[in-house]
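Visitor: I grabbed these lines from TrEMBL:
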- 80-369: domain 'ABC transmembrane type-1' (DOMAIN)
- 411-635: domain 'ABC transporter' (DOMAIN)
- 690-950: domain 'ABC transmembrane type-1' (DOMAIN)
- 998-1231: domain 'ABC transporter' (DOMAIN)
- 80-103: transmembrane segment (TRANSMEM)
- 115-135: transmembrane segment (TRANSMEM)
- 192-214: transmembrane segment (TRANSMEM)
- 220-238: transmembrane segment (TRANSMEM)
- 299-320: transmembrane segment (TRANSMEM)
- 340-364: transmembrane segment (TRANSMEM)
- 687-713: transmembrane segment (TRANSMEM)
- 725-744: transmembrane segment (TRANSMEM)
- 803-821: transmembrane segment (TRANSMEM)
- 827-847: transmembrane segment (TRANSMEM)
- 910-932: transmembrane segment (TRANSMEM)
- 938-956: transmembrane segment (TRANSMEM)
Amino acid sequence: MVFFPYDESWYSTELMLLWAFSSIKYYRKNPPNLENLFDIPKSLNLQSPMQILENFWNEEKQKESPSFFKAFFKTIRKEFFLCTTLLLVVYMLYLVQIIAIYFIADYLSDDTSSIWYGVILACIFIIASVFEAFFKINMHFKSSLLLSKTKSLIALIISKKSLKLSNIALSDSNDKGKIINVMITDMEMLELMFSTLSFLCIPIILICYIIVLIWLFGPIGLIGIGVSIFHLPFIIWISQKSSNHTLNASKIGDERVKSIQNLIYGIKIIKLYGWELPLLNVIKSLRSKEIDFHRKSKLLYSGLSSFGLSGSLLAIFITASVQVACGYSLEAKKIFMLSFFTFITHMLTAYLSIQGLMLIFSFLDNMNRIKDILLLPEFESYLDQEKTDFAIELENSSFGWKKDKKLENDKNYDENTKLIEEDQEVPVVLKDISIKVSKGELVIVIGQVGSGKSSLFLALLSELVQLSGHIKISGSIAFSSEDPWILSKTFKENIVLDKNFDPELYSLALSSCDLNEDLAILKNGDSTLIGENGITLSGGQRARLCLARCVYSNADIMFLDDPLSAVDADVANHLFFDCIQKVLKNKTIILATNQIHFLQHADKILIFDKGSISFYGTFTEFQQFEGKNLSNISPKQTNEKNKEIEFSREGFIEKLENVHEEEISDIQWIKALWDYTYIGIKSVNMYILIIFLVLSICYDISSIGSYYFLAYWSGESEQNQGKYYLIYAGILLACYFFSAFRFLPIFNLYLNSSDKVHENSIRGLALTQSVYFDTHNSGQAITRFSKDIGVIDGPLQLNIVNFITYFLSVLFFIIVTIIIIPINAGAFFISIILWWFLLKYLIKIIVKLRDIELISRDPIISLLVQLINNLSSVRCFNYQQAFENECIENANLFFRASLTLNVFLRFVQLYFQIIIISLLALNAIIIVVFKSSFSTELGAFSIASTAMIMCSISAIPRIIVDLNCNAASVEKLAELANLHPEGILIESQEFIISHGKIVFENIFMRYQPQLNLALNGLSFVINAKEKVGIVGRTGSGKSSILQVLFRLVNPESGSVYIDGQDYMKAGLHQLRSQMSVIPQTLALFIGSVKYNLDPLCQHTDEEILLVLKEVELLDYVEGHEKGIDSLVLKEINFSAGQKQLLCLARAVLRKNKIVMMDEATSNVDNETDRIVQEVIKKKFDQCTMLIIAHRLRTIIDCDKIIVIDKGQCGEIGKPVEIIKNENSLFRMLVESTGNEESSFLISEIMKKSEKMHGDDN
């Protein structure tokens, strides 16, 4: 950290930002990074205001209607009123400058005035300008610090509240979404909060300015304010219309992003079915509607801009006209006073008042949303943790969710157990649970999906509502959840957490959970950073890491929610026998699993059925249990969330180590902006840009000309007043015309650019190789099309337009001052060089700090998301304080980044103004000293023009920094547009699959050039209509066959023939549209049931209804009002089994000759499995079927078995033939499932063989 002497410095140092001088040299040699930011001064420390905010909020909570706004405002009121006072001082200094110009103009018109009088006036003007610059920048600096402090405090109080939230509060996905949305969206809205400072100052400023106007013009001076008030209805109407169009664009944008989520999350299914283009067309249609609303909004924005300066000119014109009509003369000094005061009062009355009111209401809405979060119910433990003879004791205990919460959102929800007792106020999840678990016992919990296994763990952790009974737990607890909790830290930190490091225990945890092999090939070993939510880990690796954490915790009681389902049979055996039974042998363990071959090793067996206990006892008692039929309990190996990607270990390592190696790149932002502009030029015309520049130049000329003409008019006789009225009216109309239409061409150009950038990016992403989605975060891709598209649709366009506007304004005012005083040319040349050097010297530091400030926000959000999604685990491991400390650390990091950025950004803005103030001083001194060389009008106009440069120039550095950051969004989207496409979709050569014979000849395939081979000379033949089971250990290459067959990854060498045709000569969509896949990943899209089955609209409603009837979903779908037009996830919801049946219906509807199943029934209940098997026998009997199996029961009745071993065909043959060979790979796989399961499999295979022989005879 770099020492920041904020507390030790004088206020004069703060005003002139002298701190930056000592740090510029340091940051030039040592570019800013997360480690060398300014430290936080004691007076700006977050700890004290956080405590104050919590105290005020606790007071508010005691009231009947608590207000977080009041508590928050009391906390920051001193800083807020200081910023408001500084702004008032700035406006008062504006007033002093304007009055000084008035007296300078009076001095220039009076030949008898002393030169020293003029010099004194010039000095007053200069001093007021200097202090105005100092106080304005200081106000912005303090406002920025207060804004950063506000964001940090709100982030902290929400994070602290989240640590206390009950699982019940988070069971409503709306509440969970509200917390995340407040942290992302509403926190950004807070940036507008300090725009309300101007609104609060409006009454005082207007009173002062009105007094001066009446002093100069009498009651006539109030006419300008009347004209401004006259503009209000038009401004309000246009603002409302524009806001409506923006809101509509936002709604369409939400639909577009949802469609993109459909595309990205279901990309493999979409590619397998060849559905990319229709989905892209849907997205393109939504984007066109969104752009149309943006276009309408921008059209109104252009009209609204004409009420700005042009509106003030109208007010000046009417006031001046009435002045002349009433017989008063127009004096130059009064004209300039009128121009300045009317412009400021017009902007305050017509714009800031409306904007301020809108922002205040928006800010209050934000505060109310935060209040709703802070009032959510908190966690309360109902556990009795007194020491007892038993480790766990439940007596007649029932548990449920809070009243009116929809259990459909719970993964353990079962419709049959929703209301076991109708008189209960709370839906019951577990009913009348009575068990006693002795210390050191291993209890295995089994049951169907949704029977209540995971709910039992939540109940034991006090995360449900206890409806009745009593629960006692004696000892400390560790919890391995079904969805593993992974921190964005190192392997070691994930296991150790915040406990003291014990080398022996740590080594034992690694070895018992089979993690040593994973860590041995890591460059940084257990110090390797893991990506967010463990994105770089497979499901098995995440599960083993969480199990290792439990081992290291050395807790008395272990709750293990199905850690064995994410690994293959060998690893599962290692975890069970070496870890659970050996290392944890003295621990009390509750293990949920459906791998029933482990039951014989349990001390107790607990079977759940529809939220109730159907059996609890020893294995001996279980064997005598009448209801021990376990046919409905399917051992699952992997699920949708944790399916292992069959990359080589080197591929996993590469992804893992690259996650945290991304650094902030020095983006060529000017090139990116030009590329963005050029895209629009190509889609429209180069003349559009020229028209915009011409209109902008004409506007600046007419607006500057209006001020000059007023000065000229004031010096002329009263004989030609009618002609002057007409000329000024013409100039005024020109201003209205040019200001209303100058932005239309440029907005049209850039909206076309945005539309094309979006189209190119989403098309590039959709049509790239599927391996891209295995190595990149899907959330980041969605961010490109939400946040980054939002940037190029809004802030980027406005910043480009503002930069051009400010630049042209400064340029023309410079030209005017040079024309009036030619010596200014040399001074401006020197100033421009100084500005250039200042920007060149500091812009890289500022841009780097801006990037760091943006990046420093991410850990706050990601940590909160981790917390909300894993709250039960966080509480179980008593990690709340560590999480709170990390939240404070992240908030401090953000505050430090914001502090450092603001010091340098305000420094550049200040000294930009200091340079122009030097010119202003030179200009004023020349005019007052050589007043005989200038007319009163030109002298005053020159000073006023230089003052206008000072107003505009300070905004340019900020806009340049914002443009630099905005250009990053263009660059990121361009990266997606330039992704390498996976191949040609349609070839000219015909390719038809008529029978379904498949031949693999010596196939070699790797996912990326630097990775090991996934398929290593694979060869086999599958005849038409054969049903083939494909098995092998995890990582052997089973799923790689699907990747190659559907050309998700092309083979490196070798050939694949389908019905004798080289499939590489087919277009991707020609190939994929003639094959079907029934995946394990249950991908449904946001849309109707009909759209989910047939997005290409190739089938009639009758065909779709018939298919739904065949998969036994017709009654359920038609039970909803809209039938097949019901919207999935909105108007109709499907269980996991029903989703699988929908995926099966897709395959049936396509009527293809080749069908591939990727362990499609591993996670469904017995009834769903029955339907699937019946449909397969009935509808796919004339098809070639390939069944990739992790669960061997799935493929024992296949015609042929292919065993994949190390990317090769290890064995191929009929099941009965290869099972007889005790040394065969298939026999080894069968025996690895355990004695009971292997005996069952061998018996079934032999029975089917005997039956087939009997049928043949």
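Note that Cβ sites are derived from N, Cα and C of the backbone, with glycine treated the same way.
Automatic prediction, not curation, is the source of TrEMBL annotations.
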Visitor: Grab the pLDDT values for the domain 'ABC transporter' (998-1231) and give me their mean, rounded.
Guide: 86
Visitor: Who are the long-range neighbours of the transmembrane segment (115-135) in its own chain, taking Cβ under 8 Å and residues 6 or more past its ends?
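Guide: Cβ under 8 Å, 6 or more out: 15-16, 86, 89-90, 93-94, 96-97, 100-101, 103-104, 107-108, 910, 913-914, 917, 920-921, 924-925, 927-929, 931, 943, 947, 950, 954.
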Visitor: Where among 80-369, 690-950, 998-1231 do we find the most Cβ pairs under 8 Å to the domain 'ABC transporter' (411-635)?
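Guide: Answer is 690-950, with the largest number of Cβ pairs below 8 Å.
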Visitor: Of the listed stretches (80-103, 299-320, 687-713, 725-744, 910-932), which one yields the highest count of Cβ-Cβ distances below 8 Å with the transmembrane segment (938-956)?
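Guide: Stretch with the highest Cβ contact count: 910-932.
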Visitor: Would the transmembrane segment (725-744) count as touching the transmembrane segment (910-932), if touching means at least three Cβ pairs under 8 Å and pairs must be 6 or more apart in sequence?
Guide: no
Visitor: Which one of these stretches, 80-103, 687-713, 910-932, has the most C-beta pairs shorter than 8 Å to the transmembrane segment (803-821)?
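Guide: When the Cβ pairs under 8 Å are tallied, 687-713 comes out ahead.
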Visitor: May I ask for the residues of the chain that lie six or more residues beyond the transmembrane segment (687-713) and have a Cβ under 8 Å from a Cβ within it?
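Guide: Long-range Cβ neighbours of the transmembrane segment (687-713): 309-310, 313, 316, 320, 330, 332, 335-336, 339, 677, 680-681, 724, 727-728, 731-732, 734-735, 738-739, 741-743, 745-746, 748-749, 804-805, 808-809, 812-813, 816, 937-938, 940-941, 944-945.
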